[in-house]
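Feature list (source: Swiss-Prot):
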ACT_SITE  17  active site
BINDING   20, 48, 49, 50, 68, 91, 139, 140, 141  ATP binding site
BINDING   51, 91, 227  Mg(2+) binding site
SITE      20  site 'Important for catalytic activity'
């Protein structure tokens, strides 16, 4: 089979971050008394489902460690590798850090797909690493029934600048650096519903580095930060709210969306991960239409940064975003938690 005829997405049952195990099932897997390990230098572990682990070296610098890998979300091998690597590196930026090194994770059906295609995937990953200014320094590979690619990434951050997903405050404005709808558009493409003018839009967004995260971390008024990936905006925002004991009020019209996303939702281009996310987080939502629900629960692959920002730092955040070519609009705010109100409400 020629490389041009290969459709990588046909060789896997899941796609991108949409193939994550659902939060409900993951809770069952991770629930263990042995998971509790006390180390005063471990600043961020698994307790708040943050983007990466952070370890204090005791000299003013902390190490960030993360891993992320998934099955193809696009058919082009190079783009698949680039997206997977960009997505993995994003976790370092989401913690406010700077990546310093990556190693590759590759699972490949060697009797089904040519090693040449795997090389293209790896080259895409290497390209993303070069964009981030780091080496793809090694890795590990296995013969697997479905193609899988990703990275384990190491980063560094000044300890006082670590940005967690659990330290937001009531009164903070919420900002999102990329539009939602990646899961919808990639599903529309798999179903041959995607219009010519929307071809490549999702890939362009997924390949966009969240490098601004390290700059946002230098702003004192950025109280919390995370990236929006497989659990959708609802899932990652809920984790931010739960960790800080606050509630979120979102303005649907202000949430950035990829062109055509509402039309494709109406046509049924909704990935399976959306329903899994709703099953895990839907009870935290206020009343909303199926269309709104489908967007907020849409699994993002290499999605944007979600920031909780104090009002006095809003101008600094917008100016920093502009330096990186990001146009920011507040999508909502955090308020004091009150009983009888949903954790995430839409207006």
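Glycine residues also receive a Cβ, built from the backbone N, Cα and C atoms like all the rest.
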Task = Using Cβ-Cβ distances, find the residues under 8 Å from residue 227 (Mg(2+) binding site) that belong to the same chain and are at least 6 apart in sequence, listing them in sequence order.
result = 51, 90, 91, 93, 94, 210, 213, 236, 303, 304, 305, 306
Ask   = By the DSSP assignment reduced to helix, strand and coil, which category contains residue 49 (ATP binding site)?
value = coil
Key: Other same-chain residues whose Cβ falls within 8 Å of the Cβ centroid of 51, 91, 227, the recorded Mg(2+) site, in sequence order   = 50, 52, 66, 90, 92, 93, 94, 95, 226, 229
Note = If you count the other CB atoms within 10 A of the CB of residue 91 (Mg(2+) binding site), including all protein chains displayed, you should get 27
Query = Counting every protein chain present, what is the number of Cβ atoms, excluding its own, within 10 Å of the Cβ of residue 68 (ATP binding site)?
reply = 25
Query = Reduced to three states, what secondary structure does DSSP give residue 91 (Mg(2+) binding site)?
reply = helix
Key: In the chain carrying residue 141 (ATP binding site), residues 6 or more apart in sequence that have Cβ under 8 angstroms from it   = 104, 105, 106, 107, 108
Request  = Under 8 Å Cβ to Cβ from residue 49 (ATP binding site), same chain, six or more residues apart: give me those in sequence order, or none if nothing qualifies.
outcome  = 165, 239
